[in-house]
Amino acid sequence: MDFQLQAIDKHARAGLLNLAHSQVATPVFMPVGTQGCIKSLDAMDMQEILGAKLILANTYHMYLRPGEKVVEQLGGLHRFAQFHGSFLTDSGGFQAFSLSGNVKLQEDGIVFKSHIDGSKHFFTPAKVLDIQYSLNSDIMMVLDDLVGLPAPLKRLEESIKRSAKWANLSLEYHKEKNRPNNNLFAIIQGGTHLKMRSLSVELTHKGFDGYAIGGLAVGESVDEMLETIAHTAPLLPKDKPRYLMGVGTPENILDAISLGVDMFDCVMPTRNARNATLFTHSGKISIKNAPYKLDNTPIEENCACYACKRYSKAYLHHLFRAKELTYARLASLHNLHFYLEMVKNARNAILEKRFLSFKKEFLEKYHSCSH
């Protein structure tokens with residue numbers, strides 16, 4: 001993997017990430033395709049309509065169903081899903097904790113039960129890499145020990161030491177495999193305790209292809225989250241991409257870009273779309289509300305997305321009320337277009353050394369009105 005920094009504006013960074021299946025301009029927002037697809041959308045939607053170059057798939061879900069060996073036999077994730085961009089896959093640790101309800105944490109891995117059939121499974125640092133090799137992920141995440149917030153200091157320290165140990169074991173295992181097209185990212189933990197974040201960085205080896213800031217958006221305040229990012233990002237290698245996991249709102253993303261983060265993922269644009277909330281530059285609207293029943297205008301004037309160029313708010317209001325599946329597709333296309341355009345415009349602003357003024361103008365308009 002090759003990562004080139006093209007511009008730095010204060011702390012905000014613009015770069016190019018060269019992966020086996022695509023070149024990705026950063027900052028980048030990665031749509032979340034848990035089961036190998038973004039809910040209600042297919043590969044054509046992602047490539048030809050949205051122009052997405054990098055999407056996230058979930059190791060835990062692909063391992064349990066259809067099984068990583070099935071995906072491998074069918075040509076890997078890219079051929080299986082017919083998506084010709086790149087895939088980042090997470091380690092599955094978060095889902096093992098959040099979905100199984102019966103997790104046993106051990107020094108060498110995680111024992112969990114499938115949320116599908118109750119069968120027992122064991123994830124180790126090497127096991128999750130083997131799964132991701134079978135998926136042929138462009139970017140693989142290490143197994144880490146997740147902690148919900150708030151958490152006692154002792155638990156945070158235990159988490160970062162275990163996560164660093166697993167990350168370093170993963171790196172050693174990965175080096176033995178000699179698979180240059182499957183890149184490995186470490187995950188920095190430590191909650192909102194800044195000394196714990198520093199210790200996590202210190203304990204994690206420096207030979208990874210990229211570094212993620214994990215363990216945020218799990219119960220802390222926005223101010224605590226931003227303080228943690230501001231402290232952690234400068235500690236990471238400057239020549240490697242920085243990934244903020246599972247965040248978030250447009251405000252969160254722009255704030256994190258200003259603090260030096262390059263990569264983001266979140267279910268928010270698609271989940272909100274399915275629940276009638278649509279993003280516009282003037283704030284969010286709830287398309288199920290009665291005033292949109294006769295509104296013949298697009299979701300947003302001057303929006304170039306597939307839905308806005310063709311359909312009215314009244315039509316989307318009708319589709320949502322009628323529970324038509326087409327609603328989820330059109331709404332998701334709009335919200336993902338909004339997010340992808342936002343980070344694209346943020347990148348252009350960084351290249352032109354005007355990011356802070358772009359961010360200020362964007363957020364002033366975004367907060368001006370929500371319906």
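Glycine is no exception: its Cβ is also placed from the backbone N, Cα and C atoms.
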Zn(2+) binding, same site as Cys303, Cys305, Cys308 - Swiss-Prot member from His231, His281, His334, His367: His334
According to Swiss-Prot, which candidate in Gln23, Gln35, Gln47, Gln189 joins Asp90, Ser91, Gly92, Gly93, Phe94, Asp144, Gly215 at the substrate site: Gln189
Where Swiss-Prot places region 'RNA binding' among the ranges 100-104, 155-159, 220-224, 270-274: 270-274
Which same-chain residues, if any, lie at least 6 apart from Phe94 (substrate binding site) yet have Cβ under 8 Å of it: Tyr60, Leu146
For the region 'RNA binding' (270-274), sequence-distant contacts whose Cβ falls under 8 Å of one of its Cβ atoms, 6 or more beyond its ends: 31-32, 38-40, 284, 328, 331-332, 334-336
Cα-to-Cα gap, Cys305 (Zn(2+) binding site) vs Gly92 (substrate binding site), nearest whole Å: 32
Neighbouring C-beta atoms (10 Å sphere around the C-beta of Cys308 (Zn(2+) binding site)): 24
By Cα-Cα distance, the member of binding-site residues Asp90, Ser91, Gly92, Gln189 nearest His334 (Zn(2+) binding site): Asp90
